[in-house]
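Participant: The following feature annotations were taken from Swiss-Prot:
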{"type": "BINDING", "residues": "86, 124, 125, 126", "note": "phosphate binding site"}
């Protein structure tokens, strides 16, 4: 039995609320159970120096957690003077996941910066961030379309992410913190709307896992991501 009493293939309650920030070109408040992330997408008429003059744009991401997003206060990374390795890893993952599904040439010489701020953490902050980031990005692209700033189809597909793991010997979908901290294996899957794989991160925490177990986790992830993509489409409709 899972601590949350969910079925092995059951997501936490998920909501994707678009357009929650007044000033941002795109925004989304994403909730995976008790994990809440505020995502904004900002359009900027600037590019990294190495991209200037190439006729295409860029999408990048930043990630951070509020000090009391967790059970005990975490020191702000700004006050420490540097980002943690975990933060750098996650924001790079978010950025490259989004870049796989956007037509950078259609974007023009502009940059969209996606900021993911974790308001409350209960496991799966990176997967919630990626799923909400697509909604914020789509919101920003629609803002641009309404102003005739882009003509071609900028977004080629959806992108969403979910965690899976082996808990008490059973493959389960969408781990919360209680499960993640006790799982024998945990993995994160990032996929497109049509089921193609962008990234797989898998780790054996207590004992190695088999190929069959990995495939079982992937099957759960595909099922969960299909549901998330449906929710994304409803959010931006």
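Cβ atoms are placed via backbone N, Cα and C, with glycine included.
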Participant: Note down the number of other Cβ atoms within 10 Å of the Cβ of residue 126 (phosphate binding site), including every protein chain shown.
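Facilitator: That number is 23.
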Participant: Test of understanding: give the count of other CB atoms lying within 10 angstroms of the CB of residue 86 (phosphate binding site).
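Facilitator: If we count other Cβ atoms within 10 Å of residue 86 (phosphate binding site), we arrive at 11.
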Participant: Which residues of the same chain, at least 6 positions away in sequence, have a Cβ lying under 8 Å from the Cβ of residue 124 (phosphate binding site)?
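Facilitator: Long-range Cβ contacts: 32, 35, 162, 163, 174, 175, 176, 180.
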Participant: Let me check the 10 A CB neighbour count of residue 125 (phosphate binding site). How many other CB atoms are there?
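Facilitator: Taking all protein chains shown, residue 125 (phosphate binding site) has 24 Cβ neighbours within 10 Å.
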Participant: Can you give me the residues near the recorded phosphate site, meaning same chain, not 86, 124, 125, 126 themselves, Cβ no more than 8 Å from the center of the site's Cβ atoms?
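Facilitator: Near the phosphate site, the remaining chain residues are 90, 118, 121, 123, 127, 128, 129.
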